[in-house]
Amino acid sequence: MSDLKDHLYLKGNLPFARVLEEQVATMASHDNDLKEKIRIDFVHHVIPSYLMRAIWKYDKNVLSPRDVEHIKITKRNRGNMAGAKELLDYMARYDNWFPCLLQALRDPDVKLDSLAMRFSSCKTELDRTSESPDWPDVSDFEYDDSSVESDFPTVPLPSSVRLAKLGATYVAPDRRKTSTATCNRKLKEKIRMDFNHHVMPNHLLTLIWKYNANILTERDTQYIRAVTHNRGNIAGAEVLLDYMARYDNWFPCLLQALSDPDMKMERLAMRFSKYKAELDGSPIALHERPNLLWLQKLQLQESTMASYNKQLKDKIWVDFKNYVIPHNLLPVIPKYDKNVLTPEDEQHIRAETNNRGDMAGAEVLLDKMAEYDNWFPCLLQALRDPGVKMEHVTLLFLNCKAELDATLIGPHQPQGWYQNSVTHKKHSKNKTR
């Protein structure tokens, strides 16, 4: 385009040269606006090393080897987000960068179709909002290059100026697909806080492939484990959720994995199902119900279970504060159930105990434990552990529980939810005798 403009100046076609100059400036501004519009999503979702391999598959003129080397150095020194930011800035300097980006995102090795769809929507919105200036019509203007000096580089000039880049429009994506991508994004953000604070990535990763082998690649799992190891469970859970949401049918798979007997997080799965129903504005779709009987049972018991847990926690609260020493109990709990308490919970409890004493720490410990399924049998087992030896406290808690159960009548009593502990059953039999 700049060569054509220089050629027009040499030929004395100043009005048309100025038109092209304005159009070049507008194109640059349009590209810059598009780049800034997609920057946040790009930086948070793209892994530069994967995308750079795919880019050269579709257009070898986008990015030079020197650009790639510079981006790799930035990624190595400052992380993925800084590398992705650098990659986007370098790509946007080249012609045809956006179609190449969309193709690379849809590549089987990248699998970011939903992100490509979102970027296409951003481009369509930007095209609609940008107003074209009132340029003179140059479509039928003929150029004569016979008088061009011989030392001027020869530029193949068309018989008519077609500014394809300005006139190009991307086909709007199917509305159903766009709404699905939007719904997935909203659902992901709605469950993110609960997901980050309750899910242990390494544990969930072992169960995802059990229900859907097409969700997450081996590279994905390696990266998520590395983030979890280096930055903790919350950072790992955030990356895991972002990676899962790139795939089709990720949400039913997540519900199944959370409700797996090895995971025991049915209440969290039910909460996520309710979020989905709220976003849809309708009952949960059949294809989102991997186990209909399980969901119906949980819907009947969810409110009762939450109320029951709160009452049980309040009933044992005084004895728990008076007898339990958090530092003694914390190392034992993961032996019986790794899903009760995260490392972040343990840090919070230890800090509270160190700063305000055992009673304050015990209060936080009980509050944190009661947020999880299966917390009460785990507590009984931990108190009976040889390293703790607080059998007398378990008897107090079982008496409190028996009193609470006696006040519950008919269907409001959550039958047998707590009887996962063999020791509890043995104790009940001995007491009856």
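Every residue number used here counts from 1 along the chain in the order it is shown.
Any Cβ shown, glycine's included, is placed from N, Cα and C.
TrEMBL labels come from automatic prediction, so no person has curated them.
Predicted, not measured: the structure shown is a model, and the values here were computed from it.
The domain 'Caspase recruitment' annotation in TrEMBL covers 39-107 (among others). For the domain 'Caspase recruitment' (39-107), the model's average pLDDT works out to 86.
The domain 'Caspase recruitment' annotation in TrEMBL covers 189-260 (among others).
With helix defined as DSSP H, G or I and strand as E or B, the domain 'Caspase recruitment' (318-387) counts 50 helix, 0 strand, 20 coil. Taken from TrEMBL, the feature domain 'Caspase recruitment' covers 318-387 (among others).
According to DSSP, the domain 'Caspase recruitment' (189-260) comprises 56 helix, 0 strand, 16 coil. Helix, strand and coil counts from DSSP across the domain 'Caspase recruitment' (39-107) read 53 helix, 0 strand, 16 coil.
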